[in-house]
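K.L.:
Dumping the structure here so I can ask a few things about it.
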Amino acid sequence: MFKLAKIMIQGTGSSVGKSILVTALCRIFKQDGYTVCPYKSQNMALNSYITYDGKEMGRAQVLQAHAAGLEPEAYMNPILLKPTGDKKCQIIFNGEVYGNSTAMEYHNMKTKFGEKLKDQFKNIEEKFDIVVIEGAGSPAEINLRDKDIVNMGFAEMVDAPVLLAGDIDRGGVFASLAGTMLLLTEEERNRVKGTIINKFRGDIEILKPGLKMLEDIIKIPTVGVVPYLKFQLEDEDGAIDFNRNINAPIDIAVIKLPRISNFTDFDALKVEEDVSIRYITSKEDFGKPDLLIVPGSKNTIEDLLALRKCGLEEKIKEYSKTGTIIGICGGYQMLGKTLKDPYKVESEELETQGMGLLNVDTVFEKEKVTTRVKANSEDTEVYGYEIHMGICNYKEGAKPLFNIYDENGKKVNRNDGAINEKGNVMGTYIHGVFDGVEFREKVLNNIRKSKNMEERNAINYENLREKNLDMLADLVRENIDMDYIYKIIGM
């Protein structure tokens, strides 16, 4: 019987490039003719995605699935932790809400979850040639070792060899790699088969003596040095280079809510060459944007009250008299008349006044809506997904923005979102609403016409993503020892 080949990418800390390296390896293995699956046992992020069957998962594994040529599925990220407040999070297990917990409560659940993960992983072994596993944070969090289910604990559970990645761009990469190895147990050190230096800028010849000294100290080889290069690929943590086109003529501003979620809603906008995207964090940042986006939130009521307290709500209301506003999910709810929370899902407040810019009321329910949708308006097709606890009820005279005709592949007929009578303030529950060409093109061309600019065709975001995935794979393949990697995974 064929044995599944496994490789795990761990890192010296957060944001060292684990996700992007896993993405690259998934595309490389796919290019080489293997069936490959990405996997991360536990992810913590506010950004999430809804699968074709209505399950919720982390965005990083979605991009990795695309790199592998797969439809994203929740088993690729069985545990998703979504922070809801200080020391608290919502646990998503196998794509469905498991419950809310404090950090300590979740820590005490890990043994039980570990057993579930081990059983579930057996199903992956039967479907693929290779699985590329991503760790979280650092394996050297020695206070978490006894119940670890995402780094060395998981590598041991499934008997996966490990490559340890370090970020040279932030400085101290040799100390980070050597220090991490020092804090591992002997068994864990034996599992590490190589290191990867990520985000390198400069002359490799200057780096080589350091690599030799590092190998002498930790007794494992450097598998590759990957250059620093930015790709137009989504970032699950929202670390978006919004100012990439800082001098572009179209100014799009996003309200940076304290509990902002689903940063990836703006990724498709940032690839347009004449668009600049920036965050607004205070009244002083507001300026005169061509489009204002009020994004999703993990706690809509608390974020609305924060906007009210800092004066941004009044700026938004003032801007609505002349500017264009789009609210997405929680942002849509904020633009409505009232937000009612009878079950105290988000707040102790039973009712909170909204901004009053859209003629809808929101009622927060106990059950979360998670669904993939296709929708249209008079002349525009959109697609995306919904993740929300609230339901919006239309008041007299309210006008829906879209008609949803498909939910998770089933025919439906229901309204989504709202648009005001003037047509300049609108809201929708659909995340990813800008990913499709038609709505993005319509919104941007309306702005271009108002600024006497030439209209343009929108860039096909999915095609651009595929091109960038291939470019990423080429870069990583050129700069790491793939023969060595195939050797350690037994291929």
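Counting starts with 1 at the first residue shown.
Note: Cβ is positioned from N, Cα and C throughout, glycine not excepted.
For C329, the entry in Swiss-Prot reads active site, nucleophile. Residues or ranges marked as active site by Swiss-Prot: H431. Taken from Swiss-Prot, the feature domain 'GATase cobBQ-type' applies to 249-439, supported by sequence analysis.
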K.L.:
Within its own chain, what residues at least 6 apart in sequence put their Cβ under 8 Å from the Cβ of the residue listed as 'active site, nucleophile', listed in sequence order?
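P.N.:
The answer is S261, N262, P295, G296, S297, E386, I387, H388, T428, Y429, H431.
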K.L.:
Kindly assign C329 (active site, nucleophile) to one of the three DSSP-derived states: helix, strand or coil.
P.N.:
coil
K.L.:
Which of the three DSSP-derived classes (helix, strand, coil) applies to H431 (active site)?
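P.N.:
For H431 (active site) - judged by DSSP and reduced to three states - the answer is strand.
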